[in-house]
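Visitor: Can you read through this structure? Questions will come right after.
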């Protein structure tokens, strides 16, 4: 209380010391009575704390439809998710669904549906989803290479030698303008499912070997080869580092964890 009065002491006359004593009692009573009035304002945020869950509801996990609305190409993203997930789901639960309709030729119908879904996934990813979601596309083309196959001895017509025609298989990678905006939701879903599907097929292939399902293993080999082809092609096509950084991060973490587990000197 003394420090508070020193700030206002020069404003009061020096010849009236009793007024200070009187004011001391008044101010002390005022401060003591004013404290209860100020305490509700201090404790008022504590009373309002039950309203915080209402404000935290905006931070709840968003649903799939809400994320699709934030996508730049929601229809393309929806078809991409469908074609990437449906072959694996059909492989696991397809026979159960087919048995609900017919019990004849179950394996043949299941195999045909799987082939159609894998082919549709390969075409959609290669031609539509990669171009719209991340601005990448690749294709394969065959070029003609002409090479002279002569021995250097000319003939009467002046021809030096015959030209041999050969064909070369060329991979063409196309990347969009680096200044183009890539939606982060589209990019994350694209790269996650691009690398996640081959891993799922490998796991299912191991299970097929353990169950001695060699016909299904043949299909899994085809599906894995198509999925790995798309994964490697889009990784090479991405020359601006969107996939390379993601793949390098995953591979370095996996290699580091394996090295730490098998390193006898690190323990």
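Start at 1 and count along the chain as shown; that gives each residue its number.
In case you wondered, yes, glycine gets a Cβ from its N, Cα and C as well.
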Visitor: State the residue range annotated as transmembrane segment by Swiss-Prot; the candidates are 21-41, 42-62, 105-125.
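Guide: So the range that Swiss-Prot calls transmembrane segment is 105-125.
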Visitor: Looking at the candidate ranges 212-234, 235-257, report the one that Swiss-Prot labels transmembrane segment.
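Guide: Feature transmembrane segment in Swiss-Prot: residues 212-234.
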Visitor: So what's near the transmembrane segment (189-208) in sequence-distant terms, Cβ-Cβ under 8 Å and 6+ beyond its ends?
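Guide: Residues packing against the transmembrane segment (189-208) from afar: 77, 80-81, 84-85, 88, 91-92, 125, 129-130, 133-134, 214, 216-217, 220-221, 223-224, 227-228, 230-231, 234, 242-243, 246-247, 250.
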Visitor: Please list, in sequence order, the residues in the chain of residue 127 (N-linked glycosylation site) that are at least six apart in sequence and whose C-beta is under 8 Å away from its C-beta.
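Guide: Spatial neighbours, sequence-distant, of residue 127 (N-linked glycosylation site): 137.
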Visitor: Could you find out if DSSP has residue 140 (N-linked glycosylation site) as helix, strand or coil?
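Guide: Where residue 140 (N-linked glycosylation site) sits, the three-state DSSP reduction gives strand.
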Visitor: Where else in the chain does the transmembrane segment (212-234) make close Cβ contacts, counting only residues six or more beyond its ends and a cut-off under 8 Å?
Guide: 87, 91, 107, 111, 114-115, 118, 121-122, 125-126, 130, 134, 136, 138, 171, 173, 194-195, 197-198, 201-202, 204-205, 243
